[in-house]
Amino acid sequence: MQALDTKLQRDFGIAFEDKTLLETAFTHTSYANEHRLLNISHNERLEFLGDAVLQLLISQYLFKKYPKKPEGDLSKMRSVIVREESLAGFSRYCGFDEFIKLGNGEEKSGGRNRDTILGDLFEAFLGALLMDQGVEAVNKFLNQVMIPQVEKGNFERVKDYKTTLQELLQGHGDVTIDYRVSNESGPAHAKVFEVTVYVNDEAKSKGIGKSKKLAEQDAAKNALATLQ
């Protein structure tokens, strides 16, 4: 879990006090079942908690954002934002799919890319973050990752521009793609990052975001716009 811990600190400024919570959030039931003798906890309870806090915070966001919309419209909007496919997309966007622990059978059957598993993983992470740091930390993370995409209307499936750019460029031969932070601004609690994407050490495009991860995605998106 060290690599995951480092990634969370680097990309989102999140440092877990209780590493066990983080490990549990990324442990699927299939892994726990295959290692039953080790008495390993899986992420279903944290998923239950994460689902509840996600529903609450998205409801609160929509209530404030759309003061004139009736309850029925707000419910429909919320259901689209928090549906399985959307949450799985956010898991991939954050790179969480790389770190989930799966049983051998689940791994071989493609579980690492299954929307059900990845959507549950995203909720379990929120539950772990809630237990470790409280509701404000969860709200801050959602404002980094989910809310910008919701406001752009991109919440049904978050597009991974970095992967799209990599696939496009590698289709023309071997290339090296590198993302480097070129500027940081703003106070510690509300930093804005500027990232430059380099292709074979040549600067191609810049992007900005409230986290390094989001700035990288924006840089890749802008690079794609110049290539397509």
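Numbering starts at 1 and runs along the chain as it is shown here.
Every residue, even glycine, has its Cβ placed from backbone N, Cα and C.
Here's what TrEMBL has on this protein:
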DOMAIN    5-134  domain 'RNase III'
BINDING   Glu47, Asp120, Glu123  Mg(2+) binding site
ACT_SITE  Asp51  active site
ACT_SITE  Glu123  active site
DOMAIN    160-228  domain 'DRBM'
Starting from the Cβ centroid of Glu47, Asp120, Glu123, the recorded Mg(2+) site, name every other residue in that chain with its Cβ within 8 Å, sequence order please.
Asn43, Glu44, Leu46, Phe48, Gly50, Asp51, Leu87, Gly119, Leu121, Phe122, Ala124, Gly127
Give the number of CB atoms, excluding that of Glu123 (Mg(2+) binding site) itself, located within 10 Å of its CB.
26
Suppose we draw a 10 Å sphere around the Cβ of Asp120 (Mg(2+) binding site). How many other Cβ atoms does it contain, all chains included?
26
